[in-house]
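Okay, structure first, notes after.
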Amino acid sequence: MFAFYFLTACISLKGVFGVSPSYNGLGLTPQMGWDNWNTFACDVSEQLLLDTADRISDLGLKDMGYKYIILDDCWSSGRDSDGFLVADEQKFPNGMGHVADHLHNNSFLFGMYSSAGEYTCAGYPGSLGREEEDAQFFANNRVDYLKYDNCYNKGQFGTPEISYHRYKAMSDALNKTGRPIFYSLCNWGQDLTFYWGSGIANSWRMSGDITAEFTRPDSRCPCDGDEYDCKYAGFHCSIMNILNKAAPMGQNAGVGGWNDLDNLEVRVGNLTDDEEKAHFPMWAMVKSPLIIGADVNTLKPSSYSIYSQASVIAINQDPKGIPATRVWRYYVSDTDEYGQGEIQMWSGPLDNGDQVVALLNGGSVPRPMNTTLEEIFFDSNLGSKELTSTWDIYDLWANRVDNSTASAILGQNKTATGILYNATEQSYKDGLSKNDTRLFGQKIGSLSPNAILNTTVPAHGIAFYRLRPSA
């Protein structure tokens, strides 16, 4: 039996809350980078961060946009006699300023972590009630990014107003330092963060922590994918669980403030290649931050070629900054081993008049899937230009780096990295305006009015397209 869900505006308060421009001038596109938590947790050190940054640079990923190196929890040894945070000298013998300087000298940006609670999630000193001195500590150490968690919050949650003011205290403190610091809330979507986050932050988590599973339910992530207002977010949430929770929230994100679906799990667990190929572009098209959660020293060629797919990254970094919308969703009978099975179509506008389209197969078998211009341009009126024009179809995975080339790059063949897009030399915005072919995939056909876009999508896989007005 099929169940059909069409997008509604039943929870939209955009007219009330809106999506304002960046509150601090940062986050004009979703942030990209690397965070140690998903792979290394508390096993952190100065050497890990600097070696990882060097490897990201060598692989050409820094120049593709992965510039934030984010140090997560477990870096502190407490506070000094003046109440300021102190870095663990065993893990960071040269101090945080040394780490920041090394990263800055190599064109990276430095991120650190704290929690809006008495303690961090791993039990280290938190910043609740200490916002001004801790913000000054981060500024003094030339930090460019703060991930701000939600553990040990002393019960200061339960309404949007309570959570808003708890997180605004750090926002104000960061601004007071005078240093531009990207502010990333990690409050798990508690108290409807997507309604109020854009006024005080550049991104906000909208669910419990991710795990490297495509559909597997977990009792530690108690809310299913339809519960966007989850009272207990938990953790070990699957990719599809988080994606479905995010579906109604795109209307409350945009330039300067982004829904954060959590770090990328490409090469973190045992996802299949098709699952990784679906995970990455779905995060990209809903304009989630693209934060690598893997050990970059153990990337497989197939995973590397996903992280380095410029035509997908260009969707995420599109200057229009509008998250894609889930247009339809069906449950299907061919469920997987966890009893999960559904198919979806997502669509969204891009800056240059193009449109991004995804056909997502969450079922257990490959299946034919299709869509039409009426579905793709779901907000257009009958007879509008979008519905009466012919569109060229570009497959955004068609020019994926092959395993041989990826292996050469991973083996530090500097010549091989020359094929990669370099966003340091030419921004994605400029590359799109100049029609750089690396950002558009490969043309595979056209879609005329009243025609149907047909394709076969693998199990737990995706068909991912950019539509361009036909010449």
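Note that Cβ sites are derived from N, Cα and C of the backbone, with glycine treated the same way.
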Checklist line | Residue among Arg205, Arg216, Arg329, Arg367 sharing the substrate site, where Swiss-Prot lists Asp72, Asp73, Lys147, Gln251 as binders | finding: Arg205
Notebook entry, point to check: According to Swiss-Prot, which candidate among Cys221, Cys223 shares a disulfide with Cys230?
Noted result: Cys223
Notebook entry, point to check: Which cysteine out of Cys186, Cys237 is the one Swiss-Prot pairs with Cys221 in a disulfide?
Noted result: Cys237
Next item on the list: Pick out which of Cys74, Cys121 Swiss-Prot lists as the disulfide partner of Cys42.
Entry: Cys74
Checklist line | Site with most surrounding Cβ atoms, counting all protein chains shown within 10 Å, from the glycosylation sites Asn370, Asn422, Asn435 | finding: Asn422
Next item on the list: List nothing but the one residue from Cys42, Cys121, Cys221, Cys223 whose Cβ has the fewest other Cβ atoms within 10 Å; the candidates are the disulfide-bonded residues.
Entry: Cys42
Check: Which has the fewest other CB atoms in a 10 Å radius around its CB: Asp72, Asp149, Asp209, the listed recorded positions?
Finding: Asp209
Check: Using Cα coordinates, what distance in whole Å links Lys147 (substrate binding site) and Cys237 (disulfide bond)?
Finding: 19
Margin query: I need the least crowded one of these binding-site residues (Lys147, Arg205), counting other C-beta atoms within 10 angstroms of each C-beta.
Written below: Lys147
Next item on the list: Give the number of CB atoms, excluding that of Asn105 (N-linked glycosylation site) itself, located within 10 Å of its CB.
Entry: 8
